[in-house]
């Protein structure tokens with residue numbers, strides 16, 4: 001293909017071409033368009049530099065690129081060692097990062113490691129290291145296996161943790177000792193085994209000390225204990241040292257950022273996979289995703305501190321309580337300056353929760369400037385366009401730091417962070433796992449799904465690398481005050497809030513608190529659906545994502561509103577903001593393209609109804625808060641089947657399905673009862689968000705086993 005200069009066609013460098021099947025494996029085929037330079041011949045005379053003429057042509061070379069899309073496990077492992085790294089550089093990192101979603105580590109090693117022959121003992125006085133000639137005799141596949149194992153050990157060392165013996169790591173260590181003795185990979189395996197054993201010994205020592213010095217067990221108090229509530233109402237938060245808000249805004253924000261950074265750096269990306277994270281509340285799954293659970297606990301601790309400090313001591317005057325609200329707004333602003341979006345989101349969620357939001361007299365005493373800051377910060381996490389604002393800002397923060405780095409500058413000169421709100425990525429992965437099948441026709445592993453998961457995990461890892469640039473020192477007094485801050489349960493928060501400002505019967509506009517103060521923020525999906533491909537055409541058009549209706553979008557932008565009059569709370573960024581805890585299913589995903597199989601190439605978005613299906617969220621009314629589960633609702637689904645599937649996802653015995661009723665949650669605190677025999681798809685309100693609630697019928701008294709933990 002040739003075109004004159006200045007008339008170059010604006011063609012994409014990589015164009016989808018179709019699929020190929022080879023030995024039971026499915027490959028996606030693309031055409032890569034690469035430019036090659038060609039100048040005019042040299043002028044007469046040797047040694048002269050060629051000068052391009054004005055009519056120089058642009059030459060392009062088109063090459064065929066194949067990427068494995070689906071295959072059986074044996075073929076995937078074979079691709080690890082024999083695949084073309086230049087054509088498909090993302091295969092190995094994607095497989096290593098996501099393999100635990102479809103196969104255990106031991107089985108992969110069973111395919112990957114050939115049984116090594118016993119090496120002959122070296123003669124006395126002869127170095128056992130390989131000579132250069134022996135290295136050259138290594139087979140290509142053997143070198144590839146060693147390379148894959150080296151990447152695996154460096155990037156995913158926790159995959160080999162299997163206490164107490166760490167058998168998988170032992171097998172790798174033996175193989176590398178035979179295949180690459182003295183090499184970097186063998187040394188990595190040795191060091192990792194030493195670290196695991198040392199860590200286990202340290203944990204055992206700490207456990208022995210704890211058992212030796214721990215006193216009698218404390219009596220656990222229920223969250224709704226009247227004793228705890230009386231203490232909160234009469235005495236307020238009690239601690240021997242200073243309270244958290246006694247410290248400066250900068251100090252508190254920096255310590256919150258320090259804790260968030262440490263926890264985020266420990267997050268194992270594979271624990272964020274939707275197939276793993278969605279199993280966390282099942283019986284016997286308490287140990288799943290511990291590093292992600294730690295970030296959830298920290299988020300909930302911060303929201304609890306805000307609630308406890310603002311609602312404590314009901315006898316405070318409205319002006320005094322307003323000062324506490326203002327200080328938390330300034331702390332949130334400082335977190336934004338530190339690029340800590342995790343604590344920023346936690347503080348805003350607490351201030352927007354109903355127990356604090358309903359305090360009109362306290363909000364009326366807040367100064368105009370903090371209110372303006374609060375509105376601007378709240379816009380970051382606005383529900384508009386499926387939380388597109390927070391995603392755009394996070395991407396802008398990442399891009400800014402790359403652009404601000406001059407050529408040749410040291411990485412230490414780059415700004416640290418940002419610390420993301422992990423819930424966004426968790427929900428992206430959960431919804432991706434829900435939307436795309438694990439296997440395709442012929443029981444082939446859908447590796448295209450794993451590639452899309454890897455794109456999200458890779459971004460998490462990039463953010464972790466950037467967060468290593470933070471240089472913050474711990475302040476033990478502030479950390480102690482944070483731990484000592486009294487935590488209020490959701491029921492306590494609401495009761496104390498009503499003591500501070502009793503609900504006025506003559507004020508119907510006062511927001512009515514729901515008991516469903518959720519443990520989960522909105523779970524919604526924005527998956528870009530691909531257009532039906534024509535023969536020889538592109539199977540998908542990522543440039544045309546489908547828009548999604550975001551449940552609970554604000555009617556108007558807070559930045560355009562006038563400050564509220566005295567005695568009114570500030571405008572909330574959304575009509576529903578009761579959540580005070582980090583979602584376990586987290587935040588809505590953003591618009592990323594998803595390639596689907598021809599049989600399922602059109603997946604409805606959460607809150608968006610197609611002619612045949614819709615993704616809905618179903619929660620269950622219990623004492624654990626709202627734990628939402630996503631369900632694909634088709635036009636054939638009747639209420640009993642939807643109730644049964646929802647109970648199954650909430651780990652409630654299915655024989656109890658007849659004891660439950662399904663309600664659609666409508667705007668304005670209204671609910672729509674779905675009759676038992678009705679077709680849910682047609683009985684629901686299509687204009688309302690796809691949020692549903694399961695509630696026990698009157699006269700039934702089963703105890704639910706579902707838990708948000």
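Numbering starts at 1 and runs along the chain as displayed.
Just so it is clear, glycine is given a Cβ too, placed from its N, Cα and C backbone atoms.
Remember, predicted model here, so these are calculated numbers, not experimental data.
Within the set 203-225, 226-248, 249-271, 272-294, the record from Swiss-Prot flags 203-225 under the feature region 'Disordered'. In Swiss-Prot, the entry for phosphoserine among 473, 510, 544 corresponds to 510. For the annotation phosphoserine, the record in Swiss-Prot points to 568 among the listed residues 550, 568. Scan Swiss-Prot for phosphoserine across 572, 685 and the hit is 572. With helix defined as DSSP H, G or I and strand as E or B, the region 'Interaction with HRAS, MRAS and RIT1' (611-706) counts 21 helix, 34 strand, 41 coil. The domain 'N-terminal Ras-GEF' (64-201): residue composition by secondary structure is 85 helix, 8 strand, 45 coil, according to DSSP.
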